[in-house]
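J.: Pulled the feature table from Swiss-Prot, pasting it below:
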{"type": "ACT_SITE", "residues": "Cys188", "note": "active site, thioimide intermediate"}
{"type": "ACT_SITE", "residues": "Asp195", "note": "active site, proton donor"}
{"type": "BINDING", "residues": "Val87, Glu88, Ser89, His227, Glu228", "note": "substrate binding site"}
{"type": "BINDING", "residues": "Ser89, Lys90, Arg256, Gly257", "note": "NADPH binding site"}
Amino acid sequence: MTKYTNADELKSLTLGQKTEYKHSYEPELLQAVPRSLNRDDLALGDELPFVGCDVWTLYELSWLNQNGLPQVAIGDVVLPATSPNLVESKSFKLYLNSFNQTKFSSWEDVTSTLIKDLSVCAGEEVMVNIHPVQAYSQQPIVDMQGECIDNQDIVIDSYEFDANYLESSTSEKMVNEVLHSHLLKSNCLITNQPDWGSVEINYEGNKIDHEKLLRYLISFRQHNEFHEQCVERIYTDIMKFCSPKSLTVFARYTRRGGLDINPFRSSHLIKPEHNLRLARQ
């Protein structure tokens, strides 16, 4: 359990509560969670040790055109890591559902509405693009870059989070290495529902022991935090224990409620070069 599980800022969230689905546009459904909750726990100050963003995919986006004809689209949202708030995912789903029986004059009107409302919730301007389903169907399914570290012949007997797996985990050999794992699993901070993800770690520096890194990632298995918070924890722990010259951590989570969240944190890159789906997405 994280130190901020019972924070006042979390008590009013619709997450974990029985809720009524709205069918007409209602921006007030969006709920913000201060990023400071997790960052204070990580002892991060105003000068963040990373840049990056949260990339959301909206698979259940529908509204009515001026003739009442339903429209459907798939949306991409890029939320800056510098925003004071993250958007709580259940409230995001409820907000999108409120579009279902609402008439919009154009696709551009939908896009501008999403940008306006999400920017207010996040506290910083977000980027939004929506795509016809036919156009999005051309996007390939890919694997993460680099070497997969999952197929190691090791015994795992602990699933409690422990950053100390990374202690003394580097050698003197200097490398520029890309690693990934599909074994990332954590639990929702509020509901304890499992969150399934894959994570890619791209770094330059002293070589990180693959076994210790995998044990560290597996230790998230019973850990309760939001997706974005887990990725920031991974980034800060690797920086603390391994001290790479450069580091990028990119996780892609499976969708829930028609949304997937893909947090990206880097020492030098604002956003991922490509936003491509994995097999489980």
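Using N, Cα and C of the backbone, Cβ positions are placed for all residues, glycine too.
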J.: If you count the other Cβ atoms within 10 Å of each Cβ, which of the binding-site residues Lys90, His227, Arg256 comes out on top?
T.: His227
J.: Report, as a single number, how many Cβ atoms besides its own are within 10 Å of the Cβ of Asp195 (active site, proton donor).
T.: 23
J.: If you count the C-beta atoms lying within 10 Å of each candidate's C-beta, which of the recorded positions Val87, Cys188 ends up with the smallest number?
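T.: The recorded positions Val87, Cys188 were compared, and Cys188 has the fewest Cβ atoms within 10 Å.
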J.: Out of Glu88, Glu228, which of the binding-site residues is least crowded by other Cβ atoms within 10 Å?
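T.: Least crowded of the binding-site residues Glu88, Glu228, by Cβ count within 10 Å, is Glu88.
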J.: Out of Ser89, Gly257, which has the highest number of nearby Cβ atoms, where nearby means within 10 Å of its Cβ, if these are the binding-site residues?
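T.: Selected residue: Ser89.
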J.: With substrate as the bound species and Val87, Glu88, Ser89, His227, Glu228 as its recorded binding residues, calculate the greatest Cα-Cα distance and give it in Å as a whole number.
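T.: With Val87, Glu88, Ser89, His227, Glu228 as the binding residues for substrate, the largest Cα distance is 11 Å.
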J.: Just give me the nearest neighbour of the residue listed as 'active site, thioimide intermediate' among the binding-site residues Val87, His227, Arg256, Gly257, Cα to Cα.
T.: His227
J.: Max Cα-Cα distance in Å among Ser89, Lys90, Arg256, Gly257, the residues listed as binding NADPH?
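T.: Output for NADPH binders Ser89, Lys90, Arg256, Gly257: max Cα distance 9 Å.
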J.: Where does Glu88 (substrate binding site) sit in the DSSP three-state scheme?
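T.: DSSP call for Glu88 (substrate binding site): coil, neither helix nor strand.
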J.: If you take the centroid of the Cβ atoms of Val87, Glu88, Ser89, His227, Glu228, the listed substrate site, which other residues of that chain have their Cβ within 8 Å of it?
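T.: Once Val87, Glu88, Ser89, His227, Glu228 are set aside, the remaining close residues are Val33, Asp54, Leu86, Phe92, Phe226, Ile261.
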J.: C-alpha of His227 (substrate binding site) to C-alpha of the residue listed as 'active site, proton donor': distance in Å?
T.: 8
J.: According to DSSP, collapsed to three classes, what secondary structure does Asp195 (active site, proton donor) have?
T.: strand
J.: Measure from the Cα of Glu228 (substrate binding site) to the Cα of every one of the recorded positions Asp195, Arg256, Gly257, then give the nearest.
T.: Asp195
